[in-house]
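Below is one structure, written out as structure tokens; the observations come after it.
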Amino acid sequence: MDPSLDTWDFSPLISLWIHKFYIYWGFAFGISLWICFQIVIRKQLGKDSNLMDFVQSSILKDKTSQEKSLSKATRDLVTNGYISLQEKEVFVSGVKIFYGSQTGTAKGFATILAEAVTCLGLPVAIINLKEYDPDDHLVEEVTSKSVCAFLVATYTDGRPTESAEWFCKWLEEASIDFRFGQTYLKGMRYTVFGLGNSAYASHFNKIGKNVDKWLWMLGAHRVMTRGEGDCNVVKSKHGSIEGDFRAWKTKFISRLRALSKGEKKSCGGNCKKGRCKSSQHGSEEMEPGSPAQDGLHQRDTEEEEPFASTSEEESSTEDHQSLSSVVDVEDLGKIMNHVKKEKREKEQQEEKTSLFRNTVKNEASERRAMITPALREALTKQGYQLIGSHSGVKLCRWTKSMLRGRGGCYKHTFYGIESHRCMETTPSLACANKCVFCWRHHTNPVGTEWRWKMDQPEMILKEAIENHQSMIKQFKGVPGVKEERFEEGMTVKHCALSLVGEPIMYPEINRFLKLLHECKISSFLVTNAQFPVEIKNLKPVTQLYVSVDASTKDSLKKIDRPLFKDFWQRFLDSLKALAAKQQRTVYRLTLVKAWNVDELQAYAELVSLGSPDFIEVKGVTYCGESSASSLTMANVPWHEEVVRFVHELVDLIPNYEIACEHEHSNCLLIAHKKFKIDREWWTWINYNRFQELIQEYEDSGGSKTFSAEDYMAKTPHWALFGASERGFDPKDTRYQRKNKSKDISGC
């Protein structure tokens, strides 16, 4: 045996081997104790699971708050012994504002929005959709980190404006083209503000809704709910389209500020029409125009596809799921205090919501003024003297002309009006049409019924006369003004209710007319043939006009652009109601070259329907370029063309003949043969006799009626068609100068 083995002692190993089972048992017992301990702990945690779920969100917020409170130095990266600052992440690289405008309103809003964005220190670009090619550039917004704001208006019949027509066409086709798919614009961030008029209920803000929908269908991400501006002051959430825009702009700037800081909160999208109904917190408190309030002002009738949630919301959900399920007992007190604070804030928010809803309800019960501050400014610049909340008066150019002895308007030639004593006014600036040849350039409001505050007729007439006299006084001492006519002009003798809008919409129009007649003022009322019931209920006027701007349904829709869906039936019923009137009635035809001059037979049929006493045929007046109309000088017919049209029309209506002419206004008068007595025309009006008749009518309570023939007067020779004076009064200096050039600036 090797002697070295004697030096080794193996007895401990042998002892361990002999007692190995005791060792195994000891390990097993220790593991069992550890397992039992874990089971007990987990059971205890299971009992407290409700508490854990309750405080999860609070812990995450605390964690986020702590992370934000870390100093910048602690986030510095240490590499190879050197400290390098972490590069700041850019969440919003800039804002691109796209606009599609017809009248310039959307363009103006784009400029205002750009100024607000600039204050945030962000780059901003304003882009006219007319000059933008979506096929080449829109996909670039997916990776640009820009936020795109679309300000788009809805034009006639729910169509886009001319500048946005191609963009909308491309976007619509792309949204349904399988080659683009639902992720084509994934990553693009956008918001939409639509401009429209709820008076056109069937297509209110249609383009804004469609652009919002098409972008979503292509995968773009909506950063906030769509805004809707309403030109209709009655239904506008904030009293005017400018107010609607300001409210939306404030919310957008707040949202943009949050995005710039990296916050990912956005519209949930799980709602109809892209309107989130979830509660808003933090800086996005409930305000007029916010998504939570849209339920109070629902206008939309058509259904749209539901909008899906976004990837940003999904990532936010994942952040919540990453919360640790273990809570230190020492932190529970802090957590519970935080939860109580949130509960109090939520109750305060609900109180604010309730208060705002009550405020909206109260405001809705009060009628708004028709004239908004923006409208007041625009009309004042045009020379209107505004009265109360819905009326106005303006000095006609022919009043100024006759004060100087330079001739009167065509009403002077046709009916014997003294133009220098005529007051042009209206008790309603609102209209039910948006005619292409509107010489007010659509600055007045539109509507289909009276839904505004109403001023009393006594106040309207009093201030109208005072304002008219004030404007007349300004001509005192002006070179060329005749003293006798200036003195006469201070006493109003005629009132032309044709300034702008639809006077017959005014609920107290009959009281207003009665007040005029009590003041010995004759009444010339013009209506656009969209209110047949009001025409039927109208009390006698000196002369009642109906504008017949077209003779077929399609051309009337194209020229007048009426708000009523049943505009054609209303038009026909208005003509029938006119036929039942016993006083003087007039059709007023405005000829628009290449639009309505080829409908002679249809015009003849309309004449037989309404049987008017007179038909005024006038070439359209071009009032300058307007973004709201495509009318140009090419649409203005020459006087010879108007004369030819009148001759052809008279050949189709046997009971009428051409009576008078006013070449300067490019206008002719067709009269019923009953006003031709012993081969002499009696188209003028005996105004004194009319005042006697209307007084007898009022005294009898309306039982004693009278007809148009009862107050007619003989027409002077110089006013007749074919006379050498061509409608110019021989006493006027204008006639003496023999100015027979084509002047289309008539009234």
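Including glycine, each Cβ sits where the backbone N, Cα and C put it.
Keep in mind that TrEMBL annotations are predicted by a computer and have not been checked by a curator.
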Per TrEMBL record, range annotated region 'Disordered' [choices 348-367, 728-747]: 728-747
Cβ-Cβ under 8 Å with the transmembrane segment (22-41): same-chain residues at least 6 beyond its ends: 16
Within the predicted model, mean pLDDT of the domain 'Flavodoxin-like' (95-253): 90
